[in-house]
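**Student:** Copying in the features that TrEMBL gives for the protein in this structure:
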type     : residues : note
DOMAIN   : 29-189   : domain 'DUF4131'
DOMAIN   : 233-502  : domain 'ComEC/Rec2-related protein'
TRANSMEM : 32-50    : transmembrane segment
TRANSMEM : 62-80    : transmembrane segment
TRANSMEM : 253-272  : transmembrane segment
TRANSMEM : 284-303  : transmembrane segment
TRANSMEM : 333-351  : transmembrane segment
TRANSMEM : 357-374  : transmembrane segment
TRANSMEM : 386-409  : transmembrane segment
TRANSMEM : 415-432  : transmembrane segment
TRANSMEM : 439-461  : transmembrane segment
TRANSMEM : 481-500  : transmembrane segment
TRANSMEM : 507-528  : transmembrane segment
Amino acid sequence: MKVIKFPTILITTCLILGILVSNEIKPDFSLALLIVFIAFIPFLILYFLLKKNLKFRISFGISSYLLAFTIGIFLFALHYPKNQASHYSNSAYRSSEKNLVSGIISEKLKPNQFSFKYFMKVESINEKATKGKLLVILNKKDAEKEFEIGDKILANAIIKPIIRPHNPYQFDYAAYLEKKDVFDQLYLENQNYKVIAKQENLNFQLEKIRNKVVAFFENENIPPERINIIKALFLGQRQNIEQETLDNYSKSGAIHILAISGLHIGILLYFFKALLKPIERIKYGRVITPFLLIVILWSFALLSGLSASVVRAVTMFTFVSIGMYMNRETNIYNTLGSSILILLLFKPNFIFDVGFQLSYCAVFSIVTIQPLFSKLWTPKNKIIGYFYDILTVSFAAQIGVLPLSIYYFHQFPGLFFITNLVIIPLLTLILITGMVSILLSVFSIYLSFLVEFLSELIGFMNNYVGYVSSFEQFIIKDIPFNSLILLSSLFAIISIILYIKKPTSRGITLALITILVFQLSIIGSLVFHRTQNEFIIFQYPKKTILASKENNSIFLHSNDSLVNSNYVVKNYIQNNFGTIDSIVPLQNVYLIKKSKLLVIDEKGIYKLPEKPEIVLLTQSPKINFERLLTELEPKIIIADGSNYKNLIESWEKTCLKKNIPFHSTSEKGYYRISLD
């Protein structure tokens, strides 16, 4: 497979690299435009020179890819909200005071135990028109009712930055939301807000349709948990699925079916293609049919919320549906490359979406690897052939997504192939049955037996997934996998596949080199982490957790005997390629290099023969803090998350007066002391 045969792949790759670089350097609009202009000049000169002499074709190719790279930089800068003058971050709002914020609820997010969450499109701040998106957190205790999409909110609240990770290797929710153009949050509580209007925009109308679809199935007395699966499969809404169910799908390797993607869109495309088959026989039928298919697919995308995976899948299958009726052979790689290119031109941030990345890796892997399995054996029996195709497609997809899947989720479901053998045929039945039920309901035709059949299919699917996930010994968990190992593994897989497809001496050399680099990246990561020795004071509400790392051994210090199952600790151990050597109760004094660390708990005891350099306050000790500072003369005071907030604030003010450094893990995150 020569890359030059697939120019859109290389151009798109350069564009993606430009977007990634731009995300790191965050250039302003004028600088990004200048960069594109500089790259465009040699491209234009070489274009005209190429017309006269073909010897410039290599130089022209390089300039084309360089231009694509700079366009990637420009696209990110163009779409980056903070580069836009109308964005609220560029207005004169008061960052530490209450502001009068007006906006419209645009999306519902998954709630937690204490609050509802939404995205809100900002319309004005302090009565000045502005734009942007905010994360809105509505306290359940103070909420009269949930917000609905289209609700116009007027709030008097502080616009706060989204909290950054407070522990090492913790998921960065702020960075995740930043890729969705959300930088700040608004807490709504104690009636500091009101719903002033309802905007019946497109989102509102689509939400009404979604609610009607849900109401249709609820009226048929389908159990709530099965309703939630229907909402995920047909409406792209996974918010209400119980965590236990999500865990079962994840452990069994079937989590991908709960997010609408290429698999779902492909099934629906061929279903509607068969449904519209009679139209092909009429005049202009081969023009009308793909047009109707595209309208149906994009209508479904709108209904399901236009998530990155849905838009990706529908865009790709738009190209596929056009290609099917053009009476000409289309190259799948160029089709995929074109769909990525078009999507990123309109929304560069799609490249950071995990679902988007996994979807394309899976599709590229399927179209490249699955034909190799077909060459090995082609069953003569159609039924055996059908299940053989499912098995080989599953293996091909898993090979493609394996590095990314381990990088993001740090686990591998060993029984994924057994799951997919049952789940994929089942999903086909569910999607077709559900779609037929919904379409008939539009014409007020209600077939209860069909809906009951759909419910039983979903029930069986949930039970089967739960059964497979119960074999936990086949689930490889807590796999350490950093970005260096990710990149090297991707290059290794690509080079091996290229060699298998076209064996050459260069191919085998490249494959062996990339495998060696992959091995070296693992060894390098192990060596790096084993030579990093440190003492960590974690941030965790109501608990004190300490860790000392010496080479490959990690010693945990906590009064909680189950601390090793704490997600904060698990993340730390996993990403350090280490193991827990022992868990010991908290001590009062720690000798760290040449410094002493004194732990003062709720007992408030701090009498020592020698003065400590570091004092750690835990469990809200009842002490005379000013006297403590006078007697101990510490170089720094640390307060962890086990203390009351008002005490931490009081201690911080006292330290400020006495010019003593103060570190609150609740505000500043974990505290690290190097032992090297």
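Along the chain as shown, the residues are counted starting at 1.
Here the Cβ of each residue, glycine as well, is placed from N, Cα and C on the backbone.
In TrEMBL, annotation is done automatically, which means it is predicted and not curated.
Show me how these features fit into the shown structure, please.
**Tutor:** Mean pLDDT of the predicted structure over the domain 'DUF4131' (29-189): 92.
Proximity of distant same-chain residues to the transmembrane segment (32-50), defined by a Cβ-Cβ separation under 8 Å and at least 6 residues beyond the stretch ends, is recorded for 22, 56-57, 59-60, 63-64, 66-67, 69-71, 73-74, 76-78.
With a threshold of 8 Å between CB atoms, the same-chain residues lying at least 6 positions outside the transmembrane segment (333-351) that come near it are 1, 5-9, 11-12, 15-16, 19-20, 22, 72, 75-76, 79, 179-181, 308, 311-312, 315-316, 318-320, 323, 357, 360, 363-364, 367.
When Cβ-Cβ distances below 8 Å are used as the criterion, the transmembrane segment (415-432) is approached by residues 233-234, 252-254, 257, 263-264, 267-268, 271, 386-387, 390-391, 394-395, 398, 454, 457-458, 460-461, 464-465, 468, 471, 474 of the same chain, each at least six residues removed from its ends.
Sequence-distant contacts of the transmembrane segment (439-461) (same chain, at least 6 residues past either end, Cβ-Cβ under 8 Å): 216-217, 220, 222-223, 226, 229-230, 423, 426-427, 429-430, 433.
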**Student:** Going along the chain, which residues at least six beyond the ends of the transmembrane segment (507-528) come within the CB cut-off of under 8 Å?
**Tutor:** 480, 482, 484-485, 487-489, 491-492, 494-496, 498-499, 577
**Student:** Report, as numbers and ranges, every residue of the chain located at least six residues beyond the transmembrane segment (386-409) whose Cβ falls under 8 Å of a Cβ in that stretch; write 'none' if there are none.
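**Tutor:** Those are 250, 253, 354, 357-358, 361-366, 368-370, 373-374, 377, 379, 416-417, 420-421, 424-425, 479, 481-483, 485-486, 489-490, 493, in sequence order.
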**Student:** Looking only at the recorded stretches 62-80, 284-303, 357-374, which one has the largest tally of CB-CB distances under 8 Å to the transmembrane segment (481-500)?
**Tutor:** 357-374
**Student:** Do any residues of this chain, six or more beyond the ends of the transmembrane segment (253-272), have a C-beta under 8 angstroms from a C-beta of it, and if so which?
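**Tutor:** Distal contacts: 229, 232-233, 236, 238, 241, 246, 292-293, 296-297, 300, 304, 307, 309-310, 312-314, 316-317, 320-321, 355, 358-359, 362-363, 398, 413, 415-417, 419-420, 423-424, 427-428, 431-432, 435, 465, 468.
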